[in-house]
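Listed in TrEMBL:
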- 27-502: domain 'Major facilitator superfamily (MFS) profile' (DOMAIN)
- 28-51: transmembrane segment (TRANSMEM)
- 129-149: transmembrane segment (TRANSMEM)
- 161-180: transmembrane segment (TRANSMEM)
- 186-207: transmembrane segment (TRANSMEM)
- 219-241: transmembrane segment (TRANSMEM)
- 247-265: transmembrane segment (TRANSMEM)
- 334-351: transmembrane segment (TRANSMEM)
- 363-383: transmembrane segment (TRANSMEM)
- 395-412: transmembrane segment (TRANSMEM)
- 418-437: transmembrane segment (TRANSMEM)
- 449-468: transmembrane segment (TRANSMEM)
- 480-497: transmembrane segment (TRANSMEM)
């Protein structure tokens, strides 16, 4: 029973709920499904628009435009060589004058891929930029979703943004499979990006962070990243078995069906409801959660509502994206976190989208690229609650950047692939910590703004990544060097952020802009004691 001497504030209310019971586990399961879909949607173009091995059609050899496997001796008769020593897949040699010329038709090796957008629209040679733009447009869609929907999640609630995004994710995910030409494809890819990898994912993550207690935030936050990696593995799994790009995209889009039941099954964040003056709804959800968790706590709803109503939310307390820059402390944290998101995303997607350049079965490589993240997250859960968020993030970003440089300076083979996987292992871990770290650094009233701004920076770099990879036409090492330098610089700056391990999540802008003061730590310890005591 609630004791009359205890305050009827939000932290007391959430303290009764405890860190992680049956209710939180059920809601967490509903939230994390959005991460699986987000990871899958983000990487669909890797298979749907994959570029197989290709070269110019050789008259008299490639009959009916069918790719014929040739040895180097045969290729040398018909194809010129580049400065790198590789054969030029976009030119033929004139057999009389031995002068190279651009060919007009190409043949593709369909050993691993059937028909793809790249083979239909020829995203190769002088049109290679079209594939990069298609991926960048999706990322700009995620960018837009992070800004617009992150704002909406703070204004209208986490749940409505999550649920309606799921519906639109399904619609655009299927519709993009039927686009007949390139520019309509880009428009639908942009809309698909808004709702496919931002709309449900960001509200879902914030919902979990606002529901579970401090001792479980790390585990739950990292689990979101593991679910995202599982989505990447699903892309590889489906792609290996389904060779028709249209059917493949339809199957990818239909994964959003698992999110449609959330209209009825998922609850709004009690913290958001309380912060927006809907105190009774907040108390009712916590009361429901207490029953599911088996706790015999009878909340005095009237007292909580009375206390909540007395906490008049001023215009300043309502929060907005400008509040992230209001105080010097918040401003420094915001800019630093923005760079951290930008750098992590740049390297993460740079390595993920490079799977086609690695030797071996592309589906196995993509699957392992996702699989390697799982042990990374297991190690992260263990280490981040022992070493802290700040030193671990900094160390992994610096070392991950070094792995990129080493891989770029090795010839393609087992050693180069190993360093790529090692870099992915480290960056996946630091990226995962960044999600948790950001949620813990900023107060409730602007948390979704902060997460949305961070995601916006991540998607900006994600949109730039396919374009940066095109720089390998000038120097094969250039993209990796760019990724590495930015990662190392950000890793150094992370050390200037405050540590959040075992600190309370700030609720107001005042708390978020202040150095961790004694009174906030006391509130945190009191909440922990009440949660454990039931």
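Cβ atoms here come from the backbone N, Cα and C positions, even for glycine.
Contact between the transmembrane segment (161-180) and the transmembrane segment (480-497) is not supported, since fewer than 3 Cβ pairs fall under 8 Å when only residues 6 or more apart in sequence are counted. Taking residue pairs at least 6 apart in sequence, the transmembrane segment (449-468) and the transmembrane segment (129-149) share three or more C-beta contacts under 8 angstroms.
Under the criterion of 3 or more C-beta pairs below 8 Å, with sequence separation of 6 or more, the transmembrane segment (219-241) and the transmembrane segment (363-383) qualify as touching. Of the ranges 186-207, 363-383, 395-412, 418-437, 449-468, the one with the most Cβ pairs under 8 Å to the transmembrane segment (334-351) is 449-468.
For the transmembrane segment (247-265), the list of distant contacts is 30, 33-34, 36-37, 40-41, 44, 47-48, 159, 162-163, 166-167, 169-170, 172-177, 196, 200, 234-235, 238-239: same-chain residues at least six beyond its ends, Cβ to Cβ under 8 Å. The stretches the transmembrane segment (418-437) and the transmembrane segment (28-51) do not meet in space: the count of Cβ pairs below 8 angstroms, excluding pairs fewer than 6 apart in sequence, stays at fewer than three.
Here the transmembrane segment (363-383) does not touch the transmembrane segment (449-468). Their Cβ atoms form fewer than 3 pairs under 8 Å, with each pair 6 or more residues apart.
Sequence-distant neighbours of the transmembrane segment (28-51) (same chain, 6+ residues past either end, Cβ-Cβ under 8 Å): 112-113, 116-119, 123-124, 131, 134-135, 138, 142, 162, 166, 169, 173, 189, 192-193, 196-198, 200-201, 203-205, 207-208, 211-212, 220, 223-225, 227-232, 234-236, 238-239, 245, 248-249, 252, 255-256, 258-259, 262, 265-266, 352-353, 355-356, 362-363, 366, 370.
Remote same-chain partners of the transmembrane segment (186-207), defined as residues 6 or more beyond its termini with a Cβ less than 8 Å from a stretch Cβ, comprise 27, 31-35, 37-39, 41-42, 45, 133-134, 137-146, 148-150, 153, 158-159, 161-166, 168-169, 172-173, 175-176, 179, 221, 224, 228, 256, 259, 266, 269, 435, 439, 447-448, 451-452, 455, 459. Across the residues of the domain 'Major facilitator superfamily (MFS) profile' (27-502), the predicted structure has a mean pLDDT of 83.
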